[in-house]
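Lifted from TrEMBL, the feature list:
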- 30-50: transmembrane segment (TRANSMEM)
- 62-81: transmembrane segment (TRANSMEM)
- 101-117: transmembrane segment (TRANSMEM)
- 137-156: transmembrane segment (TRANSMEM)
- 250-270: transmembrane segment (TRANSMEM)
- 290-311: transmembrane segment (TRANSMEM)
- 327-351: transmembrane segment (TRANSMEM)
- 371-393: transmembrane segment (TRANSMEM)
- 497-516: transmembrane segment (TRANSMEM)
- 528-548: transmembrane segment (TRANSMEM)
Amino acid sequence: MSTELPSDPEESPPAPRPAPREVWKKGGRLLSVLLAVNVLLLACTLISGGAFNKVAVYDTDVFALLTTMLLLALLWILFYLLGTARCPGGVPYRDAHAGPIWLRGGLVLFGICTLVMDVFKTGYYSSFLECQSAIKILYPLTQAVFVIVQTYFLWVSAKDCVHTHLDLTRCGLMFTLTTNLAIWMAAVVDESLHQAHSHSSSHSNTSHTRLALDLERASSAVGGECSCDTAVCQIFQQGYFYLYPFNIEYSLFASTMLYVMWKNVGRLLASSTHGHSHAPSPLSLFRETFFAGPVLGLMLFVVGLAVFIIYEVQVSGERGRTQQALVIYYSFNIVCLGLMTLVSLSGSVIYRFDRRAMDQHKNPTRTLDVALLMGAALGQYAISYYSIVAVVAGTPRDLLAALNLAHALLMIAQHTFQNVFIIESLHRGPPGAEPHNTAPKEPCHGLTFANLDALHTLPACPPTPRLVGPSPAGPQEASSVIVAPRSHWRRRCLKDISLFLLLCNIILWIMPAFGARPHFSNTVEVDFYGYSLWAAIVNICLPFGIFYRMHAVSSLLEVYVMS
């Protein structure tokens, strides 16, 4: 959305850069994208090559590249904070939609967990310093400094619309984004190797002997030729592996915020205060719910934690206990996904009766949210469709196969209908944004509870959900008081729905993020596709499914606030 520059020469508001500087806007974006693509491809080549012993790329090469990228990104962030952001007129506008408080709060939470992971990783590599390269200790220390500086940078600058050093800022943002994606990819590869090595160790039979040897050699990226025998070393090792999901989420959260900043470089806004600045307090939000959604969501959350603990305890035991754990796991997920699908459908039906106008303004944050929801869901779609083919075309016809099939079908339905509900919610205007939101020219008399239906359709008397100032009760305030109960039940239902879905997505994020892998415990897909192919499918697609759950939580929190 653009605005006209003031014509009065004596007025001196913080004006954006002249128009000729923005003629090459698309060229500047293209340059930064080309830089990001090339750096990312180089990082992907080394990371993927260093994961296998047969490739002459060592883990020290990967650590050296990532450390160099972290240092370069740190230098640019410091230049931005100390130079670009302090230039006169450098940041004339701030996008109120970018960097909401819950997104920045999640970034801080995951950043703290990433710092703890770096401490564990430093302690782990320091346990056998005599046989390790110094770069393996330098990398987690550099990453810790990078996380601190980047978190501060995104907290204070996520809303900036920069109008100076345009091309340098675009390239710097894209390079920092690429650095976060490279860290994410390295964490995913390392965690995948650890999961595959654990599985091959627990299923060490003749069919997996060669794979186990390959994974044993490939896992040299974790410990090299040194052995982790002491209790302290093993605590450090297990600790930072359990904290990998937080590091993965931190990198993805930071990448999304950096992308929005990149889109806002050189952007013109009508007002720096454009957006929804009047957010109700959390206490008033909870008062506007029926409590059915939060209570049911908390019940499922607690039951899900119990199911997850039972699954983790029993899945590594004998065959009978493993099958029992899988039945409990699939049964809970089927119930949870079924309720989430029905609730999402109910929310979409409620929107059919919602008179709020659709918000069609240009909003890079909302566009990115929709793209991430649709793109991240593809990972779980892929796993589900592979499972459906394996169950339908495979030989087993037992209870576990039926539960697996129902789970895959409901996973597809739940992702689809939840995306529809969230995307429609994000495109709704704020409460009270009616299609005909014009102020009444004359007072409306004779308002009674008997003519609410007629009053709700009159364009001259629009409902006003929020009153400005403690003015005496006038005609407009009277119409607000009378009309408010009509849509109050819809707001409460939408808040309950968003809270219920939010809590369910949290528990469905916790299970796979902290090690629940029914994809390997259930041997239907492993026997049908073979372990190597199925492991590649799961290790590539599952991180996107985990990110989808966390991104859905942040989107549902925005839906909850704006309902």
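Backbone N, Cα and C define each Cβ position, glycine as well.
Because TrEMBL annotations are produced automatically, they should be read as predictions rather than curated entries.
If you count C-beta pairs under 8 angstroms between the transmembrane segment (371-393) and each of 30-50, 137-156, 250-270, 528-548, the highest count goes to 528-548. Residues 325-326, 328-329, 332, 336, 339, 343, 492-493, 495-504, 506-508, 510-511, 514, 516, 518 of the same chain lie 6+ residues outside the transmembrane segment (290-311) yet bring a C-beta within less than 8 angstroms of a C-beta in it.
By number of Cβ pairs under 8 Å, the transmembrane segment (101-117) is matched best by 137-156 from the list 62-81, 137-156, 250-270, 497-516, 528-548. When each of the listed stretches 62-81, 137-156, 250-270, 528-548 is scored by C-beta pairs under 8 angstroms to the transmembrane segment (497-516), 528-548 comes out highest. When Cβ-Cβ distances under 8 Å to the transmembrane segment (137-156) are tallied for each of 62-81, 250-270, 528-548, the top count falls to 62-81. Long-range contacts of the transmembrane segment (62-81) within the same chain, counting only residues at least 6 positions beyond its ends with a Cβ under 8 Å from a Cβ of the stretch, are 39, 42-43, 46-47, 50, 133, 135-136, 138-139, 142-143, 145-146, 149-150, 153, 156-157, 169, 172, 175-176, 178-179, 182-183, 186, 221.
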